[in-house]
Each structure stands twice: as C-alpha cells, then as structure tokens.
Amino acid sequence: MESNPTPNLVTPLEHCDWLNLLLTQIWSNYFNPKFSRRLSAIVEKRLKLRKPRFIEKVEVQEFSLGSCPPSLGLQGMRWSTSGDQRVLKLSFDWDTSEMSILMLAKLSVGTARIVINNLHIKGELLVTPILDGKALLYSFSSTPEVRIGIAFGSGASQSATELPGVSPWLDKLFTDTLVKTMVEPRRRCFSLPVVNLRKTAVGGVIYVSVISADKLSWSCFKSSPSLRQQNSTTNGLSESNLDDKDLQTFVEVEVEELTRRTGLSHGSNPTWDTTFNMVLHDNTGIVRFNLYERPSSGVKCDHLASCEIKMRHCEDDSTLMWAIGPDSSAIAKHAKFCGDEVEMVVPFEGTNSAELKVKIVVKEWQFSDGSHSLNNLRSNSQRSLIGSSTLLSKTGRKLKITIVEAKDLVTKDRSGKVSPYVKLQYGKVGKRTKVAPSTTTNPSWNESFDFDENDGDEYLNVKCFSEEIFGDENIGTANVNLEGLGDGSIKDEWIPLEGVSSGELRLKIEVVRVDDQEGSRSSANGWIELVVIEARDLIAADLRGTSDPYVRVNYGNLKRRTKVIHKTLNPRWNQTLEFLDDGSSLTLHVRDHNALLPTSSIGECVVEYQRLPPNQMSDKWIPLQGVKSGEIHIQITRKVPEMQTRSSLDSQPSSLSKSHQIPTQMREMLKKFRSLIEDGNLEGLTSTLSELESLEDTMEGYVAQLETEQMLLLSKINELGQEILNSSSSLSSSPSQNGN
C-alpha cells in the first residue's frame, strides 16, 4: 500500500500478545462460526467452477476451521501512513491440524471422500480503519504462502494413489480464492456497529446507475486487441495518431449471476446514465463494472478494464460501500438508511487515470426473520418490533402464480428465435408452463398455477428453458421473495433473470385465503364506506425522485387496494371501498409499486371511525406515520340501513356498465400494442403499459366492490328470510291462542 515511507510516518514496533490472547478467547464462539460459514460458501461456489477433469462433481459435506486461531503479529505490529489514511501492518501465521473439512467427489468410475486435516497460511496482513473507526478494511499485502494437507476418507471406492492431482488442485484453488477476495487491492470489511438489531440480512434490492467515465484514452488500454490490430496496420504510426474520440465503449454491470449492459457511448468522456435493478442474495455483495470497447469494424467486443464496489449490510441497518481509490487508497461511503443515494468515482484497475462515476441506492434489505427494511431507520425499527412476515405466521392460504410473459430472452439461435417454457418450484411442488410458439424472444403464456402455502417457504424458484432437440437450454433463473404478501394482495412484477446477459419474466402473484368466511358477518350494524381521494407530499421511493403509489386498506382480516398512480408524489385515486361494519380497526398503508420483490412502504395511518355519527360523512386529511412527510385525504361514512336507503345500490348499474366496457378497452389497447411494436415505439409502449396496468387496477376495484355488494345482499336476504320465518311461526300460533 505504501512505498518507501518516511521515518516520521512509521510508528515504533508494538507488541501484540494481547491481541492473540483476545483472539484465542473469542475465536471459537464468534469468529470461527462466521468465517467457516462464509469461507465454506465461497469455496463451494468455486469448486463448481474449478474442478479437475477427472472429478464430475464435488460437494462440501462438513466445514470447520477448528479451535486453533491464527497468530497475529508474532514479530510485532506497526502503524504507517499512506496518503491521509492510517494502515496497520502485522504478520499472519496460521498453522493448524484441528480443522475438519470433508468433501465428497463423484468420479466417472466411483466416489472419493476428500479430507483436509491441516492448513498453513503465512503472509503480511494490512488493516485500514475507515469512517472514523466505524469499520475496518483488511487484506494481505501480497499472495500468502498456502499449504493444505490432504487425506482420503474410508468408505470410498478410490484410494489416494489414484487421485494424484487433488492436493495441488486444492492448494491452487484455496490460493486463488484468497487472491480474488482478500489480497491487495481486494479488501474485505469488518464493521464495528454501535447498535445491534439482532437481524441477519439475507438479500436485498439495489439500483445501480452507470453515469459516466472520465479520462479514457488509447494509451490507457495498451492490451486492447483492437489497439494492437490498429498498431499493426498503421505502418509504423505512433499511438498518438489514434484519436480518443473514436473510442466506442459500454459498461457491463455484474452482481453475482446477474449481468446487464449499457448502450454504446463515444469519446474519452462517455456518458451512459443508465440505471439497472439488481438483486443480492446475501448480506454482502460485489458490484463489478467491466468496460468494453466495440470497434467500428467487426462485432467482437474487447474487454478494456474493470473496477468494483463492495457493499455490506451493517447491524445498525445501514449499508457500507467501499472500493480501491487512487494509489491504493480506500474509498468508503456510508448509506445510513435504505433509499439513501451514494455516488462514487472509482478508478479502473490497471489504468493510470481512467475512472468511472456511478450511483448506488439500496432499495431494501430482506432479513431472515421475514421482515424487510423500509426507506428510513425509524420505520424499519417499528416494523421489526411489530413482527415478521405474514407469510410465515399464516396458513390455510393458496398462492396463485400466473406466468404472464417475458421479454428480451437470450437465444443462441441465429434466427433470433427461441422456444421457451418456465418451471416453477415452490417447496417440494414443481409445475411448468407449455412451450410458447417459436417466434421471438418476447413470448406470452398467461398460465396460472395454484400452490398450497407452506409455513416457512419464503421463495419461489423460477427457471426459464428453451426447448431444443438435443437437450433443453437454461436461459435464466430467479428466486422470487414471497415475504409480506397479505390476504387478497396481488403482485404484478417484472423479475430479472440471473445467469444470463438479458431477460425479464413477468409474474402475477395472488394470495387467496381458503378458510375465509367474509360473507358470514351480519349487516345489522350497516357498512363502512371509505373514499380514498388523494395524497400529497409523499416521499420519493424511486431513484428518479418520484413514487408509484397505491393504498392497501386493511379492515380486520379483509384487505383491499386501490389502483397504482405512476410517477407522482401527489396521486389522486378517487376510489370507493366498502366493508361490513363490525368495529374492526381500519389501517391505510401507502406503498410504492416496486418492479422487484416486495413493494416498499411510504407511510401508514389508522382511521378512527367508530365514534362517527351514523350516515354523516367525515372529510379529513390524515398525516402518514413512519415517514418524513405525506398526508392522505379520505372521506368515511358509517352507513346504517335502518336510517337511510343505501345509495350505492342505486349507482350499481353505472358501475356495472363501466366494468362491461373494460374488455373492449383492453382489446383496443392490445391493438395499439401491436402497432407500437411494429413501429418500435418504446416510449409509446411504456405509456400504454402504464395505462393497461391502471385499467387492470380499475377492474380489480370493480370486482372488489361487487364482492362487497354480494356479501351485503346475501346478509340482507338471510335477515329477511329469518324475519319471514319468525312471522310464519307467529301466524301459525294465532288460531290456538284464539281458541283458548
């Protein structure tokens, strides 16, 4: 990290016996379990990618680093200064024979049980405090010395002499893993939180915006194949004759198995300004940016340079992001809550001056207890106190999954066609769609499947395949988080497919309670008429500074929702919802319609209606709780049948006539879709899609209203029937009374 430091920038050598004593005391209970789980996941992932040819499959069956911790600073430790950052240098020596790592390898002629029984790692460790001591970055200054002891377990069909290449393969695998994760300039992070919420993040949703690059030039990328080709054809011309304005570059964003690309931009200071929705499947993640050049002649793209930003969830519910800066310095940013935008300028590795400007917003973190963070710390803390997901605590429900359509699927067919189908796996139940016609990469299915909800199953596994003659080809997978779905709620989402360069799948997920007895309540007390009119000054939940708000209304166990109003902080719904009056609590949840995973809350409030005079409408603005700003405008009335004839029944024909017009409107929109697709009008398609979603929400509102009407009418019929029976019994008893 530092070359030839001056004497006044280096502290005297310090003893660190106390550090080894502390590490010995806390190793078994704190560090060892965490390191074992993390390292096991990394090694298992790399085993699948880097196994020898004579091993068909290898899996980790047991992984423990043992009870003997590494030794730190046996020759002391020393602080030095690199730029304006303090760096602690100390030796790292780990020689243990108490570890227990067991792997089962499947060979073409049998199986082998591989046991790692000792490990030796020796190198120099660098520790850099960042963010005023709130976190530490640590790495090896250079590739450490690694030796692994191998044995072969009993019960296998192969002996040690028949697998001579295993030991050097594992040595190289372990060394490469360290190099790619914690050898300079790659650094890991250890946070020192002041608040422990005792929650473990298991995934998240982030918005990654690739803004621009600066100081790109041909001289920065001497290894570029196109540059070498141009040099070979310029008949001795120098590199200075190459014009940097001719550079055509794009950026590929890589998060785990999910990759997305920007468009092409020209010159030494290209601007892309492109945002992608990305998904994390852990409490940490690496966002890698690969810069590619597309020569004017030919279609092959050349990799120029890369850089990366690492991020992790901290136990105080904030997010830490860090990268390597100029001269191996550390760039660290801290997002205090979800929705906080972080802008970073990161240099490309291996270049002198080229750098990339990006913005990252953590939309939400999801936790192992089923909850997920909201867009500020206060609302998240309140949610965590309330409890975990309704999915984990409720049973007797069905999940109706509709595979609607897909877009931009990948295909290796030269004609650009694909024959796709989708497999769904929920718990132990698997289902699949029919094969869509082999036309384009934007197929449509509109197939629905029902699953019995399982207590504890939070994810729906989705795999998209292309039917081929010689074996179906996997063209993308996704894990859909089902956490937080309430009774009667519907999610209509575009899910990005992982493991491929492009492709999204549209799913509609509906929750239905099987044992719901909504129609059994008596209407003797009348009904509640709630008009959700509008809202104002809502907080911005999206990266673009707006929201896509809708209102989810909870009345006891009943749930209703309004339509979605797109791209506004001052929406107008003007929707009427009705509930049988049984005195239940009435809560309004204003939510932002999210394109990935669960939607985000942008405020909530409780409506007090129990003391309202009968048949008198109350008009009120109610401030939203848990957010910095926002109010919702409603009108609410306690309707009592004995005192006033229900006006909504008179208006039913008009509602029905409007609902009858919806199929015609949808057919007209589909015709418009086809025309826009033929013209290639993307803006028109986006606008029309929003109109179609609003129309679907309107139709759902009509359906919900008709269901309420049906419940009220059935209840009233039951009451009238009971009155008729009572009257009949009274009339039948009259003659005997007269006879007396």
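Our numbering is plain: 1 for the first residue shown, then up by one each step along the chain.
Cβ atoms are placed via backbone N, Cα and C, with glycine included.
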> According to TrEMBL, which listed range is coiled coil: 340-371, 532-563, 692-723?
Replying inline: 692-723
> According to TrEMBL, which stretch among 432-452, 642-662 corresponds to the feature region 'Disordered'?
Replying inline: 642-662
> Average pLDDT across the domain 'C2' (377-495)?
Replying inline: 73
>> What does the DSSP secondary structure composition of the domain 'C2' (501-622) look like, as residue counts for helix, strand and coil?
In response: 3 helix, 60 strand, 59 coil
